[in-house]
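Asker: Positions annotated as active site by Swiss-Prot: ASP125. Annotated S-adenosyl-L-methionine binding site per Swiss-Prot: GLU51, ASP76, ASN103, ASP125, in sequence order, evidence recorded as sequence analysis. Swiss-Prot lists LYS129, ASP159, THR199, TYR200, TYR201, GLU202 with the feature substrate binding site.
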Amino acid sequence: MGKNKLEKFADMASYPHVFEYPYSAVDNVPFDMKGKWHKEFFKNDNPIVLELGCGRGEYTVGLGRMFPDKNFIAVDIKGARMWTGATESFQTGMKNVAFLRTNIEIIDRFFAEGEVSEIWLTFSDPQMKKATKRLTSTYFMERYRKFLVSNGIIHLKTDSNFMFTYTKYMIEENGLPVEFITEDLYHSDLVDDILGIKTYYEQQWLDRGLSIKYIKFLLPQEGELREPDIEIELDSYRSYNRSKRSGLQTSK
């Protein structure tokens, strides 16, 4: 029999590689690990990579296995979902993986300047109604700048044509360097080990015949960031665990 939510929450609270700081607690509880992830937790100087909106955490666990010379931190607010990856990494003794349960809106409170090298955004909610909630919006780019190294790498992997198109326009509007871009990752010319990692939800979308889009771009520290002023056609389908789209056909 699988564990219920309360049992999963109890496990999460006991795991040494899980840090739980929901929005309601952050103002009252100082986060001592900020600026000390390398020294105090990972105990090495390997690059730190974040996965924001990690869901079950399978992608972080997969990356951790694939790249033992990097440190990975999976971030999400849903503790019961994160339990899957947190439990697997704990039981297998992985030392280069951690989990942070918090709201991504306050992610800059947990890392010091230049402490993070890369960010993965895997199947983020496209937030078609409000640009500032999109994890590739300039609102979030400014937050990432507070802790990402200059020209740090950002990976977007998505089934959403809306999210992919919006991110392309955001990149173009701000002249951000693009290292790779494709509208169909598994039929592209990209040769990379990351192709071997598929999350539970990603496989569902592939089974439904949806193509997976991918962008790898850099975020310089300098330069004012501007939001793209363009209407984008909304996704015509309802992705797993996303709220139903509105009656609108386009959005900025």
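Placed from the backbone N, Cα and C atoms, the Cβ positions cover glycine too.
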Asker: Across all chains shown, how many C-beta atoms besides its own are within 10 angstroms of the C-beta of the residue listed as 'active site'?
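Answerer: Counting Cβ neighbours of the residue listed as 'active site' within 10 Å gives 16.
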Asker: Go through GLU51, ASP76, ASP159, GLU202, our binding-site residues, and report the one whose Cβ sees the most other Cβ atoms within 10 Å.
Answerer: GLU51
Asker: Can you name every residue in this chain, apart from GLU51, ASP76, ASN103, ASP125, with its Cβ inside 8 Å of the center of the Cβ atoms of the recorded S-adenosyl-L-methionine site?
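Answerer: Here the nearby residues are LEU52, GLY53, CYS54, GLY55, VAL75, ILE77, LYS78, ILE104, SER124, LEU135.
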Asker: Using a 10 Å radius around its CB, how many other CB atoms surround THR199 (substrate binding site)?
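Answerer: That number is 20.
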Asker: Just to verify: the residue among TYR200, TYR201 with the fewest other Cβ atoms within 10 Å, which of the binding-site residues is it?
Answerer: TYR200
Asker: Look up GLU51 (S-adenosyl-L-methionine binding site) in the DSSP assignment and reduce it to helix, strand or coil.
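Answerer: Looking at the DSSP assignment, GLU51 (S-adenosyl-L-methionine binding site) belongs to a strand.
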Asker: Within 10 angstroms of the C-beta of LYS129 (substrate binding site), what count of other C-beta atoms is obtained when all protein chains are considered?
Answerer: 13
Asker: Within 10 angstroms of the C-beta of ASN103 (S-adenosyl-L-methionine binding site), what count of other C-beta atoms is obtained when all protein chains are considered?
Answerer: 15
Asker: Here's one to test understanding: among the recorded positions ASP125, ASP159, THR199, TYR201, whose C-alpha is closest in space to the C-alpha of ASP76 (S-adenosyl-L-methionine binding site)?
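Answerer: So, of the listed recorded positions, the one sitting closest to ASP76 (S-adenosyl-L-methionine binding site) is ASP125.
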Asker: Give the maximum pairwise CA distance in Å, whole number, for the residues LYS129, ASP159, THR199, TYR200, TYR201, GLU202 listed as binding substrate.
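Answerer: Across LYS129, ASP159, THR199, TYR200, TYR201, GLU202, the widest Cα separation comes out at 26 Å.
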Asker: Grab the S-adenosyl-L-methionine binding residues from the record (GLU51, ASP76, ASN103, ASP125) and give me their largest CA-CA distance in Å.
Answerer: 14
Asker: Out of ASP159, THR199, TYR201, point to the one nearest GLU51 (S-adenosyl-L-methionine binding site) in space (Cα versus Cα); all of them are binding-site residues in the record.
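Answerer: Comparing Cα positions, the candidate nearest GLU51 (S-adenosyl-L-methionine binding site) turns out to be THR199.
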Asker: What does DSSP call ASP76 (S-adenosyl-L-methionine binding site) in the simple three-state scheme?
Answerer: strand
